[in-house]
Amino acid sequence: MGFLTGKRILVTGLASNRSIAYGIAKSMKEQGAELAFTYLNDKLQPRVEEFAKEFGSDIVLPLDVATDESIQNCFAELSKRWDKFDGFIHAIAFAPGDQLDGDYVNAATREGYRIAHDISAYSFVAMAQAARPYLNPNAALLTLSYLGAERAIPNYNVMCLAKASLEAATRVMAADLGKEGIRVNAISAGPIRTLAASGIKNFKKMLSTFEKTAALRRTVTIEDVGNSAAFLCSDLASGITGEIVHVDAGFSITAMGELGEE
């Protein structure tokens, strides 16, 4: 028996076997969790259904976090299969492509700012609102952030602001939901070569710099993040809430890589 045996967890954001959400689902399944999944549109539905089968699940629900109706419907449908459940993984982020290239000040638009915050940050709150009536005591909510929430990252631009908003939401939600025993945390993951990351300019250079600078001198994997996520959603982490847990091979603690000899 794994430490998530008996837990029911909804996983969002699964788009490929390179997705962080895939690594999370894999680790959670290995620890005994029962999983459900969401998909954004008809194009992704067959792919997510195949992944769901891989993880022994037949619960695959549509979810477009851009609309409140879709969010409400998702959890209403989930409740027909699970009257109560133990948490969800919010692995959702988006900004228009023109917001992720070059000079932030010149690239920024009102609409781009709105979309980035709506999809990447507000959606976490909206999902918690809709899920709240169906959550078991001691449930755990988990989202995914990035170091751009704390530092200026080239080409990450408006997503730096959106992730900062997401991390603030994590703390405020934790304070609010804590009285019901519900924990809320975020993982700030190091850069991983995912479909989402492919939209960031010079991402290969970012990975190279990361590997040279991180305390462990390596990049992180979806397995690294998945194992940490499984722990945070388990009763082993019962005293942890409102935290931003860095799973980044120690990159965030360093100021520069090795200087070498003069």
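Every residue gets a Cβ built from N, Cα and C, even glycine.
Database features (Swiss-Prot):
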- Gly13, Ser19, Ile20, Asp64, Val65, Ile92, Lys163, Ile192, Arg193, Thr194, Leu195, Ala196: NAD(+) binding site (BINDING)
- Ala95: substrate binding site (BINDING)
- Tyr146: active site, proton acceptor (ACT_SITE)
- Tyr156: active site, proton acceptor (ACT_SITE)
- Lys201: site 'Involved in acyl-ACP binding' (SITE)
- Lys204: site 'Involved in acyl-ACP binding' (SITE)
- Lys205: site 'Involved in acyl-ACP binding' (SITE)
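Ranked by Cα separation from Lys204 (site 'Involved in acyl-ACP binding'), the recorded positions Ile20, Ala95, Tyr156, Lys163 are led by Tyr156. In this structure the C-alpha atoms belonging to Ala95 (substrate binding site) and Tyr156 (active site, proton acceptor) are separated by 10 Å.
Taking Cα separation as the measure, Lys163 (NAD(+) binding site) is nearest to Tyr146 of the recorded positions Tyr146, Tyr156, Lys205. Residue pair Tyr156 (active site, proton acceptor) / Tyr146 (active site, proton acceptor) shows a Cα separation of 10 Å. Working note on the recorded positions Lys163, Arg193, Lys204, Lys205: by count of other C-beta atoms within 10 Å of each C-beta, Lys163 ranks first. Ile20 (NAD(+) binding site) sits 12 Å from Tyr146 (active site, proton acceptor), taking the Cα positions as reference. Separating the Cα atoms of Gly13 (NAD(+) binding site) and Tyr146 (active site, proton acceptor) is a whole-number distance of 16 Å. With Tyr146 (active site, proton acceptor) as the anchor, the candidate recorded positions are Val65, Arg193, Lys205, and the one with the nearest CA is Arg193.
Counting other CB atoms no more than 10 Å from each candidate's CB, the binding-site residues Ile20, Val65, Ala95 peak at Ile20. Distance from the CA of Lys205 (site 'Involved in acyl-ACP binding') to the CA of Arg193 (NAD(+) binding site) is 12 Å. Rounded to the nearest whole angstrom, the C-alpha distance between Lys205 (site 'Involved in acyl-ACP binding') and Val65 (NAD(+) binding site) is 32.
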